[in-house]
Amino acid sequence: HQFTFVSSSIYLILDLSRGGGAQAWTYSYSTTPNRRWHEARKWCHQHLTNMVTIQTPEETDFINNLLPFNQKYYWIGIHKVDGVWTREGNNETVLEDVQNWAPKEPDNIVGQDCVEIYIKRDKDTAKWNNEKCQSKKGTVCYSASCTQDSCSAHADCVETVGNYTCQCHPGFHGPRCEEAKKCNPINSPPHGSLSCSDPHGSFSFGSRCMTTCDEGFLLNGTANAECTSLGMWSADIAHCSGKENTNCLHPAAVNCSQLFSFGSRCTSACEEGFVLSGTADTECTSVGTWSTDTPRCLAKKCPSLNSPAHGSSSCSDPHGEFSFGSRCTSTCEEGFVLNGTADTECTSLGHWSQDLPTSVQCETIPASSLPLSMNCSHPLGHFSFGSQCLFTCTGGFSLNGTDVLLCSSAGFWSDSLPNCTGKMYSTACVQLLLLSSFLLPASRLVT
């Protein structure tokens, strides 16, 4: 058997003078033979674009007026997918407020998943009814108004009754959506540069600009900015300023050519009583650091002090132990007297203002020679307060004076230094010696 069909084309031309001319689109239909829903869809794909999906009341009225009556009526491009009425082609859900069902339709009969339209029916004309997809009905198709050149690549071509619309992607406008939205032009900041990529034109939607600063300058703000679909930059344009380094240590006196910014040259000097540790001259580099380590001013040192014997010293050290400005006070233990000035201060020259007080000293007693023998003890220091010396004479000599000397708290010995004197022979011994010299030979004489 050979299948034959009769197709008729209906052309509609609308005056669109406001848009600058006329636009046309084409509906085609076939009733010989009537087809199942899937066969009708295939026929539309082969000969035109797709099945008519009825999107507006205007389109419903137009089709109902121009299509001839067909006893089996016509399929339209709407069917049920996963329980939802869906448009053929774009798989768009048919919203309830645009559905045009006949009364008591759609019903819930199993298998009635495709939609027909009543064309020129006495009752419920141009209304929808769900039917089994295997039923045979007339076919109505449309030829798309949208072509490859209808809209730019930045738009979707949307079919409408008698026309099409270019639905612009975000960031584009114009009849064909060929123009990108513009952002305000921007310039390179002082002491910096601006580099931009412009896929759709200078300072237009999608433009990306990056700000960089010259050597020695610091970026303030966001480096990157993008022209958005609203025609505004995503961030304020950054600016460049000199880097700063204010980490200078007191009490160094710094003399700089600029205020701690790139290129600043500084010379450090110290106040009286301090000496410079490090390099006096330095420069602020492009990376925001000094070319040399920041010098420090160190307080001059005085010789270390020890507490006096049987006393103590307390010091305040504002700039370090025994350094310029240190003040020390000496005190004695109970029973001892301070010999000297109690207070002393470390001067800017590194010397103490007063000698440290010492313990009380007595005159040193030189080492004795025979027959005088001396034995001393020094509990608080050599020949100092509390020292005691004991004197004795060797055999045949007698001590002339006191046998013990004490060093007093006033620094004097308790008595004069003693001495030894020879003993005198007795009268009996002398007479015996003389008598013997006469009785004994000269060689036996004992003296």
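Including glycine, each Cβ sits where the backbone N, Cα and C put it.
A TrEMBL annotation is a machine prediction, not a hand-curated record.
As recorded in TrEMBL, the features of this protein are as follows:
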SIGNAL    1-24  signal peptide
DOMAIN    22-142  domain 'C-type lectin'
DOMAIN    142-178  domain 'EGF-like'
DISULFID  CYS168-CYS177  disulfide bond
DOMAIN    181-242  domain 'Sushi'
DISULFID  CYS213-CYS240  disulfide bond
DOMAIN    246-299  domain 'Sushi'
DISULFID  CYS270-CYS297  disulfide bond
DOMAIN    300-359  domain 'Sushi'
DOMAIN    360-422  domain 'Sushi'
DISULFID  CYS393-CYS420  disulfide bond
How does the domain 'Sushi' (360-422) divide up by DSSP, counting helix, then strand, then coil residues?
0 helix, 27 strand, 36 coil
Cβ-Cβ under 8 Å from CYS213 (disulfide bond), same chain, 6 or more residues apart: which ones?
PRO189, HIS191, GLY192, LEU219, CYS240
Alpha-carbon spacing, CYS420 (disulfide bond) to CYS168 (disulfide bond), which is rounded to whole Å:
133
Just to verify a number: CA distance, CYS177 (disulfide bond) to CYS270 (disulfide bond), in angstrom, no decimals.
72
Restricting to the domain 'EGF-like' (142-178), report the mean pLDDT as a whole number.
85
In whole Å, how far is CYS297 (disulfide bond) from CYS393 (disulfide bond) when you measure between their Cα atoms?
65
From the DSSP assignment alone, can you count helix, strand and coil residues within the domain 'Sushi' (181-242)?
0 helix, 27 strand, 35 coil
Distance from CYS297 (disulfide bond) back to CYS168 (disulfide bond), taken between C-alpha atoms, in Å:
70
Cβ packing number for CYS168 (disulfide bond), 10 Å threshold:
21
Provide the three-state DSSP residue tally for the domain 'Sushi' (300-359): helix first, then strand, then coil.
0 helix, 23 strand, 37 coil
